[in-house]
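Enquirer: This is the structure I have questions about; it appears just below.
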Amino acid sequence: MLSYITVRGGISLLAVRRACVLSRSAHSAPQSKHRAIKKVMVANRGEIAIRVFRACTELGIRTVAVYSEQDTGQMHRQKADEAYLIGKGLPPVAAYLHIPDIIKVAKENNVDAIHPGYGFLSERSDFAQACSDAGVMFVGPTPETVRKMGDKVEARSLAISAGVPVVPGTDAPISSLQEAQAFAQTYGFPIIFKAAYGGGGRGMRVVREYEELEENYQRAYSEALTAFGNGALFIEKFIEKPRHIEVQILGDKYGNVIHLYERDCSIQRRHQKVVEIAPAFQLDPHLRDRLHADAVNLAKLVGYENAGTVEFLVDKHGKHYFIEVNSRLQVEHTVTEEITDVDLVHAQLHVCEGRSLPELGLKQDKIRVNGCAIQCRVTTEDPARGFQPDTGRIEVFRSGEGMGIRLDSASAFQGAIISPHYDSLLVKVIASGKDLPTAASKMSRALAEFRVRGVKTNIPFLQNVFSNHQFLHSTVDTQFIDENQELFNLKPTQNRAQKLLHYLGHVMVNGPTTPIPVKAKPSSTDPVIPSVTMGATFDVAMRFLSECPWKRLQELRALIPNVPFQMLLRGANAVGYTNYPDNAVFKFCEVAKENGMDIFRVFDSLNYLPNMLLGMEAAGAAGGVVEAAISYTGDVSDPMRQKYSLDYYVKLADELVKAGTHILCIKDMAGLLKPEASKLLIGALRDRFPDVPIHVHTHDTAGAGVAAMLACAEAGADVVDVAVDSMAGMTSQPSMGAIVACAKRTKLDTGIALEKVFDYSEYWEVARGLYAPFDCTATMKSGNADVYENEIPGGQYTNLHFQAHSMGLGNKFKEVKKAYAEANKLLGDLIKVTPSSKIVGDLAQFMVQNSLTRAEVEERADELSFPLSVVEFLQGYIGIPHGGFPEPFRSKVLKSLNRIEGRPGASLPPMDFKALEDGLRAAHGDDITPEDVMSAAMYPKVFQEFKEFTGESLDTIKGEFNTNLKRGKILHIKALALGDLNKAGQREVFFELNGQLRSVLVKDTVAMKEMKFHPKAQKSIKGQVGAPMPGKVLEVKVEVGSKVEKGQPLCVLSAMKMETVVNSPMAGTIKAVHVTADASLEGDDLILEIEE
């Protein structure tokens, strides 16, 4: 070690003496002629090209840009005085590496000098030589110096000659994996591969174990070859956790070399610099002096001219090691400019013209450090996904500016297209202050001001860096990012305004989310609002209104503290359409009660007693009032219909009363209760249970609802459900006004003033006009007594009618109703309440869509692809129907599929609410509430989409309106115009948001269907499987070459909430698959082909 220091010192002194002689001769010699530069080409792109153009403009020099075919719309092309295409027909990067084209453009356009920028050809000696051969000045070192410094092995040898310490490494570039293995055996691990002819982290790989050697060698070679046109590598011993310090140097043609102090570039990710600081924070003064001296000595040894950077590693013991010389301008040169007030590009150009550093006023004793500067590289990378580059169109760009902030950018503007072809750098943000904390504070403020929408950026990650205690108050090394994983706890961006514009744009292009089969327009009259409140179905609130159902409940409870609230609980299915673990049902009831729910109306769509008892127990355990609801079907007044007889209902009521229900309810969802049946049923229940309150719910589809409810009241019912007049009738409830009026001055008098009923009704009459396109009367003009035959529940009757029109079956609705009755018989005559009613409806639409009769369905049951809901019902997923499952229909449909015996939810493992909550917090942040957890437990996908969509939902777009995001945050939005259809099937939608022009790209779903022609399945060709209905592909279960059996599931389709499993019609091998997940299909679109 002592001998090394002695040798190092001797060489250093010799180098200094040589430098002094050169300096004296330069200053005493006559000044050489200056060759003025009048036109400069930048052989680069992006922000560095614009940086050089600006310097040239300040010096009165004309500028020339070159660009690839992919960069036609880039800003650097527009910032130059002239711009020319290069590399026509070449790949994006190759265009900027095509030396002949660049030289040709330079010569044809009288270019005096070419500035290479950084990257691409900036460290290629053959490019510097080509410029010289063409008589064009190269703004950089001489070709020989570029060659020496670009060859990392030769640069290392020169450093040794200059007495600069180096890391153990190879003496020449390696050409084989065997050489790498030999080096590793000599020096041990870890080692690092580096590109011999380029930098910037490309071609750099750390290897810690022998098993990783071959793979990393291949990766480093490939990266170096792609980035620099040469895959040569050299190897060094890897220094653990060093600081990365680099010294900015500047030399002229006369042997003068100065340093402009150092930069700390230790904050790196995969050897790519992320944050740079000048000067280095808390660097030992003696070490600083040694770094400066070594950098200058090395530069003088090689006769370095123009700008360059000498890079070092500093280990934890304060020892420094030479890494490389970057013979070009660095990305981070900006921070040096900020602390020294030296314009490095100006200096480069003047040196190239032949001016000396003293002539430019650049003497070492005149260079002073003024404060601190920090640079952040804002990139279009997503730190949440391992910094995966993001591409696309910048929809919104607002930068952080103000005192102490400098921005160097090129593609950072609204409407810019971020290409996948080039570096992900979006903008360099440089903050300056009197010291590191001041500069860091300005940087934090600037980053917080940025708004970039349309592409992901690393800004949230950078903000975490600038709030990190170690970064602000101590030194950092190259492992800083890896060792501080809290930097990846990213605060999600809200992006509320842009999400709202996307939603509005979608509505403007494609219409409302729910397809509207009519052209009815909303009323322009706003209703006069009386003192009333309203709610919505649990999942509907999230799915269609984008509102939290719990928040609705909380707000209503606060407004109405003294009126009992009631909710529907689907027994063991809670508020969903599937089975849940028992603890989920109990937990839901507990949370609902805590939020203000009082009465739980518990029912089951099949009147399956085990499911009902679980729901009742859960509601009771939560402290709620239990109302057991018996779903009604059939006709107890018809002696010919005995499956659901009066005796059936009374016996079921017996079981529910024994179980402890507080209230009995008859839930007549189809409106099948006739006056006579009402008297029989309610009378029997009242006689059997004289002290139990009886509640009746019905629908008025047939028009006899008022008479039936009055009959129930006469027979002893305590409560009947009604609807305000303007919302009553048809598939809704009977008229409130009619019942109040009919009961007036009788023993059933309600005591309600009709005037108040009329005021209430008037409000809703006007309100309905606002929702005209969605109103059932848009397609349905009256009720129909045929409900006594088809037994379709009121809500489903409306939905089926609407869906039939939406799917182009409006003229076949009569067939749909008949098919519903037939489907009900096929399934064994079910109680029909959601979800059992949906099962019957799915089968009915399937029969109509495929022109199948009941007999044909029964005959072909073993080969048809039934809707998923039908298959799962037959498997026992929602319970066991009264009288059992229909045979042999069930066995033919299910074949070998499993069957559930007993209560479906009984076999499910308990739900882990803690794990669910942790997952939600990881995905959506820490503001997850117990109510959110329950929403996700009931409807995982719906809750996910609800959380992703924030902002107000508007189904009609007025020309101009205001919307409140929160207190003090008001958006003023004006819809301006729709653009033409582009090649991607999108339209640009233009808005004015708070006085600024905004636009979003929205897919035109109709146009995209027209642009894509999917082949149809030919029924005459055996083995071609077509879509049995229009829909979206949820899952493809097979691939080409798969062996399938007859009846085996092939894929799953979804449309209008109905899922269908497409089964194989034959045994064979999959020949071709024509669809992928998420593909939209029309009826008979070819899904796949099977060959025997």
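Cβ coordinates come from backbone N, Cα and C, glycine included.
Annotations in TrEMBL come from automatic prediction, not curation.
So TrEMBL says this about it:
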type	residues	note
ACT_SITE	Arg328	active site
BINDING	Lys152, Glu236, His271	ATP binding site
BINDING	Arg570, Thr834	substrate binding site
BINDING	Lys667, His697, His699	Mn(2+) binding site
DOMAIN	36-486	domain 'Biotin carboxylation'
DOMAIN	156-353	domain 'ATP-grasp'
DOMAIN	473-758	domain 'Pyruvate carboxyltransferase'
DOMAIN	1022-1091	domain 'Lipoyl-binding'
MOD_RES	Lys667	N6-carboxylysine
Enquirer: Counting other Cβ atoms within 10 Å, pick out the least crowded of the binding-site residues Lys152, His271, Lys667.
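Expert: Comparing Cβ neighbour counts within 10 Å for the binding-site residues Lys152, His271, Lys667 gives His271.
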Enquirer: Can you check which residues sit near His697 (Mn(2+) binding site), meaning Cβ under 8 Å from its Cβ, same chain, 6 or more apart in sequence, and list them in order?
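Expert: Looking at Cβ-Cβ distances below 8 Å from His697 (Mn(2+) binding site), excluding near sequence neighbours, one finds Ala629, Cys665, Ile666, Lys667, Asp668, Met669, Val720, Asp721, Gln733.
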Enquirer: Take the domain 'Lipoyl-binding' (1022-1091) and count its residues per DSSP category (helix H/G/I, strand E/B, coil), listing them in that order.
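Expert: Grouping H, G, I as helix and E, B as strand yields 0 helix, 39 strand, 31 coil.
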Enquirer: So among the binding-site residues Arg570, His699, who's got the most Cβ atoms within 10 Å?
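Expert: Result for the most crowded candidate: His699.
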Enquirer: Considering only the recorded positions Arg328, Arg570, His699, Thr834, which residue has the minimal Cα-Cα separation from Lys152 (ATP binding site)?
Expert: Arg328
Enquirer: Determine, for the Mn(2+) site, the additional residues of the same chain whose CB lies within 8 Å of the mean position of the CB atoms of Lys667, His697, His699; present them in sequence order.
Expert: Tyr632, Ile666, Asp668, Met669, Gly671, Val696, Thr698, Asp721, Gln733, Gly794
Enquirer: Taking the centroid of the Cβ atoms of Lys152, Glu236, His271 as the ATP site, which other residues of that chain lie with their Cβ within 8 Å of it, listed in sequence order?
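Expert: Here the nearby residues are Gly169, Ile192, Phe193, Lys194, Ala195, Met204, Phe234, Ile323, Glu324.
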Enquirer: Select one residue from Glu236, Arg328, Thr834: among these recorded positions, choose the one with the most other Cβ atoms within 10 Å of its Cβ.
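Expert: Result for the most crowded candidate: Arg328.
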Enquirer: What whole-number Å value do you get for the CA-CA distance of Glu236 (ATP binding site) and the residue listed as 'active site'?
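Expert: If we compare the Cα positions of Glu236 (ATP binding site) and the residue listed as 'active site', the gap is 23 Å.
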Enquirer: Going by C-alpha positions, which of the binding-site residues (His271, Arg570, His699, Thr834) is nearest Arg328 (active site)?
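Expert: The smallest Cα gap between Arg328 (active site) and any of the binding-site residues is with His271.
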Enquirer: Between the Cα atoms of Thr834 (substrate binding site) and His271 (ATP binding site), what distance do you get, rounded to the nearest Å?
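Expert: Cα-Cα distance, Thr834 (substrate binding site) to His271 (ATP binding site): 59 Å.
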Enquirer: Rounded to an integer, what is the Cα-Cα distance in Å between His699 (Mn(2+) binding site) and His271 (ATP binding site)?
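Expert: Answer for this pair: 70 Å between alpha carbons.
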Enquirer: Work out how many Å separate Arg570 (substrate binding site) and His271 (ATP binding site) at their Cα atoms, rounded off.
Expert: 57
Enquirer: Report the mean pLDDT of the predicted model across the domain 'Pyruvate carboxyltransferase' (473-758), rounded to a whole number.
Expert: 89
